[in-house]
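Working notes for the structure below.
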């Protein structure tokens, strides 16, 4: 029984190695590995269920703030959906051409060698995934605290303490039991879909009643620049995060080489329609100014449309955001575990709890880094920080697809997309990364670049030359933590 459980945990760890992001990091994606013969409809449902998360309740305000008017705002949401669809098609070709686990890691390794691949792993573990966890928990804190501060913004100290508490609770739950985390996720996913449906249906009813005054002259007072569009894309694409992992349903799909691209072409535009309709619903009851002044947009919407049942909105949005955070921790903790096992992080992080067979040290490490991000950061800063870092590697990965069209011609490509698609995605990635730096430089971007490049020092010292003195220092620390947490290497659990 112990060996069977451990094999199950190892399978989950491999799922975490796939590098799934924010809203995509939900257990239902891993549960699908136990199924066979998933059809087209199931594939579409999985795409919709994993992408829709906390982002749609957080990003509308920031997208509008960057472009200044309703028309450009809705255009950005639609354009983000198009870019996510094109990017997902690129990853579908990569995923069926190189069938190794590890997200972008094996693609970068195959095209460019070990250094870019290691930098991706380094950045994922210490920047993108913990910051994603922090953003989602801050979103939860804003919506959970908003009803208690009617007419004003909740104090930042309340939001940050509540977000830190959420991280601690989620970390404990996932450290104690995989099954408990999975049950929690199923309930929270249902809550997420309920609130999305309520907002969309309410908006359609209001439009049918003639509430269209906020859409007249919708491009008036817009502020369009390369920088503002890039930052608006950052916030919009945050809500679509998860599009890059859709190729991992290949093994479960019936006739995957037909159904995978079809699932992407149908599923992500379906999410796009949902997102545009949700934004339209917001604008039916709020002017641009009112939406920007709202601390929690969905709460304001609920107060004006669903009164006296307006309490439903913050409750279900809180469920949705905490569900996204739980899914993030569920799989990304296992990514840390795999990195520790491969020697890219402390060996202790690859250890397994003796009693509960969970990668507890990896999950605790992940939660601790996320709390550090919460202390100095707010949601918008963290989203820009996250998006800047992640689009560097999205761009590099899609560029790898173009490079391998010429350097790896012998590789079998069951799905082969027109070359113009990866070219467009690569150019947009370059624009998204460079535009904010050139037109509105901030120190956060410099810190991010320096941190990514600091991975080169780590790579040279500890991966290339394999210096052993850090191991001598960490050995007694590992021993004491091992006794405290009751964890051992996975191999010993097997025995």
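We number each residue from 1, going along the chain as drawn.
Any Cβ shown, glycine's included, is placed from N, Cα and C.
TrEMBL annotations: computationally assigned, not manually curated.
Segment annotation: TrEMBL labels transmembrane segment over residues 262-285 (candidates 262-285, 286-309).
Between the transmembrane segment (69-95) and the transmembrane segment (190-208) there are fewer than 3 Cβ pairs closer than 8 Å, counting only residues 6 or more apart in sequence, so the two stretches are not in contact.
Using a cut-off of 8 Å between Cβ atoms, the transmembrane segment (444-465) and the transmembrane segment (357-376) share fewer than three residue pairs, counting only pairs 6 or more apart in sequence. Among the stretches 157-178, 190-208, 357-376, 382-403, 415-438, the one making the largest number of Cβ pairs under 8 Å with the transmembrane segment (262-285) is 190-208. Counting same-chain residues at least six beyond the ends of the transmembrane segment (415-438), those with a Cβ under 8 angstroms from any Cβ of the stretch are 83, 86-87, 89-90, 92-93, 96-97, 226-227, 229-231, 233-234, 257, 260-261, 384, 387-388, 391-392, 394-395, 398-399, 401-402, 405, 445.
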